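Chemist: Mind having a look at this structure? Questions to follow.
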Amino acid sequence: MLKFAVVRGGLGLLSVRRACFLSRSSHSAPQNEYRPIKKVMVANRGEIAIRVFRACTELGIRTVAVYSEQDTGQMHRQKADEAYLIGKGLPPVAAYLHIPDIIKVAKDNGVDAIHPGYGFLSERADFAQACSDAGVRFVGPSPDTVRKMGDKVEARSLAISAGKEVKWGFCSTLDKMGPKKVFLITSLSPDFFTLPTFCLSSGDKYGNVVHLYERDCSIQRRHQKVVEIAPGFQLDPHLRDRLHADAVNLAKQVGYENAGTVEFLVDKHGKHYFIEVNSRLQVEHTVTEEITDVDLVHAQLRVCEGRSLPDLGLKQDKIRVNGCAIQCRVTTEDPARGFQPDTGRIEVFRSGEGMGIRLDSASAFQGAIISPHYDSLLVKVIASGKDLNMAASKMSRALAEFRVRGVKTNIPFLQNVLSNHQFLHSTVDTQFIDENPELFNLKPTQNRAQKLLHYLGHVMVNGPTTPIPVKAKPSSTDPVIPSVTMADPPMGFREVLLRDGPEGFAKAVRAHQGLLLMDTTFRDAHQSLLATRVRTHDLKKISPFVSHNFSNLFSLENWGGATFDVAMRFLSECPWKRLQELRALIPNVPFQMLLRGANAVGYTNYPDNAVFKFCEVAKENGMDIFRVFDSLNYLPNMLLGMEAAGAAGGVVEAAISYTGDVSDPMRQKYSLDYYVKLADELVKAGTHILSIKDMAGLLKPEASKLLIGALRDRFPDVPIHVHTHDTAGAGVAAMLACAEAGADVVDVAVDSMAGMTSQPSMGAIVACTKGTKLDTGIALEKVFDYSEYWEVTRGLYAPFDCTATMKSGNADVYENEIPGGQYTNLHFQAHSMGLGNKFKEVKKAYAEANKLLGDLIKVTPSSKIVGDLAQFMVQNNLTRAEVEERADELSFPQSVVEFLQGYVGIPHGGFPEPFRSKVLKSLPRIEGRPGATLPPLDFKALEEGLRAAHGDEITPEDVMSAAMYPKVFQEFKDFTANFGPVDCLSTRLFLDGPKIAEEFEVELERGKTLHIKALALGDLNKAGQREVFFELNGQLRSVLVKDTVAMKEMKFHPKAQKSIKGQVGAPMPGKVLEVKVKVGSKVEKGQPLCVLSAMKMETVVNSPISGTVKAVHVEPETSLEGDDLILEIEE
């Protein structure tokens, strides 16, 4: 058999049988009498049932629907005057094939005629005969004609006797789904060109036959029509005439009555060949109606009543083609997954309408349930125009207007077909879809509004998605944004950087008269005070004010460090988008980020090329200054980060992490000499700026003078930048002392975000230096406006505010040396664990843990190591002496073990012995820089994997996020897939959701604003869900939200975790037909595991990997939802 797809087309014919063909005896005259139909049953469901009901209503005929147990909620039963259940206890499809039930309903309810629609029983001769035997008219050909046309061998013989050329034979089988056609190609030349033509004909009881021209149904997938056109496109006029004549002649030959379709095949030489006759109405009859203005269902019913075609005005010379019509079948199938049927609840339905558009739908409405039991047709869209291009244009516009949410549809695929040049301007055949893979380059739907409603509903039902440290509600007061002029912001230091490069920038900083400030409000301040939870939404609001009024800042610290992963992990934001948006709003002030040396923005070691690539992408997205540090001041780690930042074209600011007290002669591990020698190495390595990072706020004024004075004397031409925290309350004094000693830049935070574990007050520094040689040049009244915005904004983050548990700073930081951000976190943790009254013990244990580990530089991640050990000691009631004594038997936190192995680097003075050896025993130890031996990261492979998992919208920034935090990025993408981007929500709505009856606006983008009102919260249903009701832009919307608390008490089928390779989930909803493996079975990649059935389609689920079946979670007849766990495989 040659591998040629059969393109099928047809001529519609509404043919009428002669009287002698219809009669069973010689009394033909009475049988041709007009007998009006008063009540019609449609032995079908969905769209075609509704189509017939509408025609009946227009003709004044009463209607009867039948429905299966699974179709109780379907629209077709509501559109009829009466509706009756059939096939009780039978499978879904079998119910509509149960002839006895259908006939009984007809007889019991005075039905005159039964219309079979298409599919199901429409071409079953035994059904037509059963109707006749029951005295009920069958709207269609006689049983004998249905039998002849259904028997492909006999149909072929009739065609040959009528002089039609036939290229192959046919056989017909019958299965539980109804008639099943099998085409057996007996001869087909190599140059055969498959072009389908469907000729529609009509005949009456008086021998009249007319054709209604042809349809082209070439756009097919697996022999299923996708797009239908009438009349045939680019069809030779002489060929068209021959097709029409042959269709009419064949109908007359068999005495055909009612509507039918003759299908032909056309080769590339213009010869046509008979395929078959469809003795019924077809799905695509609509396009014939549109171009001929003939209502085929009206005609079917009238012919069945005994009317002649001339009575109906159907004479061949009066039937004309008017323009072109296209039909697209919109189905609930996912083209991206091989057109797998999708099921579920339609949450949103908005159709495309307007001039030239007709919609024939079934249950296409908001709230409709799409079940797996029947075909996936949602709505037929028919577009009419003067020609193909006009009809296609109208169709494209209508499809673009559709909004279907809750289930996947094939609309993106249809839009690609309609815009394809070959489809619009050339001949297509049934290979069109296979030969145009670009049709599957689908533009993803955004679905932003409905996803936002899902998120808001989720928060209303289950509470915030981000962990809340304390029980406090966000403030209901929104901040007032200070006004700015419409003019461009004044030039700032970034202009110098862009013009003169990093070296020129550093010289300009050093030459600047007065004290420069770096504002940490956008990063470290809220990391220290508000658990790093400040959202881009609130940063963007104040950004124009900062750009216009603080252009003389040295820089704005707004990125890197903990903010990178927290953005994805807890705020469900893209950190790169934050950088991009802030850069657009603040073009004139340099941005600064915190880079953890060889750890980039992570907590682990990365391959060297990953650190270099990260810096490169950060620079491309608007980052200017890279403050590079290492948590142990381990020089090899710092040098790698510096090299990466420099190679990216950024300003390199090498930061020495400060601990101890250089003014205390009794503390000599971290002496003045230590810091100066380390600074020597960093300057030799080419740093543009030298920084002191006092992460715990340990710099006292006297120590500040000593350290900064020594560095200024040693490096007179290198700018010096000092960062501190105000935990002890001496931050302003220390920074003024640094400035007097020669520092060029000090860090501050705006007043309402300053103090305690944050940075010193901007207003205080500005006021104290005003009129002196250190004057900052910043207007104090603008600081007040800036502070007022953040004072109110801070109230939005009340659930994270450290003042909920910590009322002041504490000078004991000089003893425990806890970094600012960690001090806040430990305080929260102690209170959440009921140990608030024991926080003093936690701090004491921190100091003891630090000594156990050899007196470390403490900044992320080394500070976490000390903190983990401290909490371990408190929880187990251990003293420092007891830990040292029992080190070989205790089970230490993993972070402590890995530090002692050398995964973080080598601390100044080496590892503590014998503590290290007792803890590690025989565990391996790393010598040298931890990341030096890591193989390069394969970015191409990583990107390909991300595209396979998330689609082609993956950006270089996404690749870097996945490289830094693979699991966090995956969870972030899962979140956005479910809820969309939520950064457009106000912070109160993001954290707490709306109150019932609350009205609010959400701006999706410029010019697109949603008006939302929260209406009600429904009761718990059997699936563990609550329905949440909203009003969106004046229309009722609802979403179903799983109640996570209630579901813990209810049993549900587990879901497959996409991140676990061996977990195999259901690719679509359906029922398990067969399980081909069992626990312990060895399987190969691609081996069939089980068979699912849904929507008349069987799907084989194959193994994604080779391995052993660990667990099977299904059995035959198990009903599954999409992604339900089928089985687990171990590699």
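Quick reminder: no glycine exception, Cβ is built from N, Cα and C everywhere.
Automatic, uncurated: that is what TrEMBL annotation is.
The shown structure was predicted, so the numbers you read here are calculated from the model rather than taken from an experiment.
Feature annotation from TrEMBL assigns domain 'Biotin carboxylation' to 36-438. Residues or ranges marked as ATP binding site by TrEMBL: LYS152, HIS223. The active site feature in TrEMBL is assigned to ARG280. Feature annotation from TrEMBL assigns Mn(2+) binding site to ASP524, LYS693, HIS723, HIS725. Feature annotation from TrEMBL assigns substrate binding site to ARG596, THR860. The N6-carboxylysine feature in TrEMBL is assigned to LYS693. The domain 'Lipoyl-binding' annotation in TrEMBL covers 1061-1130.
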Chemist: Just to be sure I understand, if DSSP states are collapsed into helix, strand and coil, how many residues of the domain 'Lipoyl-binding' (1061-1130) fall in each?
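Modeler: So the domain 'Lipoyl-binding' (1061-1130) is made up of 0 helix, 39 strand, 31 coil.
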Chemist: Near the Cβ of ASP524 (Mn(2+) binding site), how many other Cβ atoms are there if near means within 10 Å?
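Modeler: So the number of other Cβ atoms within 10 Å of ASP524 (Mn(2+) binding site) is 30.
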Chemist: Taking the centroid of the Cβ atoms of ASP524, LYS693, HIS723, HIS725 as the Mn(2+) site, which other residues of that chain lie with their Cβ within 8 Å of it, listed in sequence order?
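Modeler: Those within range, site residues removed, are THR520, ASP694, MET695, THR724, ASP747, GLN759, GLY820.
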Chemist: Quick check on the binding-site residues ARG596, LYS693, HIS723, HIS725: which one has the highest count of other Cβ atoms within 10 Å of its Cβ?
Modeler: HIS725
Chemist: Mind giving me a neighbour count for THR860 (substrate binding site)? Other Cβ atoms within 10 Å of its Cβ, every protein chain shown.
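Modeler: A count of 19.
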Chemist: I'd like to confirm something. Which of the recorded positions, ARG280, ARG596, THR860, has a Cα closest to the Cα of HIS725 (Mn(2+) binding site)?
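Modeler: Sorting the recorded positions by distance from HIS725 (Mn(2+) binding site), the top entry is THR860.
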Chemist: Minimum Cβ neighbour count within 10 Å among the recorded positions HIS223, ARG280: which residue?
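Modeler: Taking HIS223, ARG280 as the recorded positions, the minimal 10 Å Cβ count falls on HIS223.
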Chemist: Quick one: pull the CA-CA distance for ARG596 (substrate binding site) versus LYS693 (Mn(2+) binding site), whole Å only.
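Modeler: About 12 Å separate the Cα atoms of these two residues.
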Chemist: Nearest to THR860 (substrate binding site) in three-dimensional space, by Cα, is which of the binding-site residues HIS223, LYS693, HIS723?
Modeler: LYS693
Chemist: I need the CA-to-CA distance for LYS693 (Mn(2+) binding site) versus HIS223 (ATP binding site), whole Å please.
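Modeler: Here the two Cα atoms are 70 Å apart.
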Chemist: Give the distance between the Cα atoms of HIS723 (Mn(2+) binding site) and HIS223 (ATP binding site), rounded to the nearest whole Å.
Modeler: 70
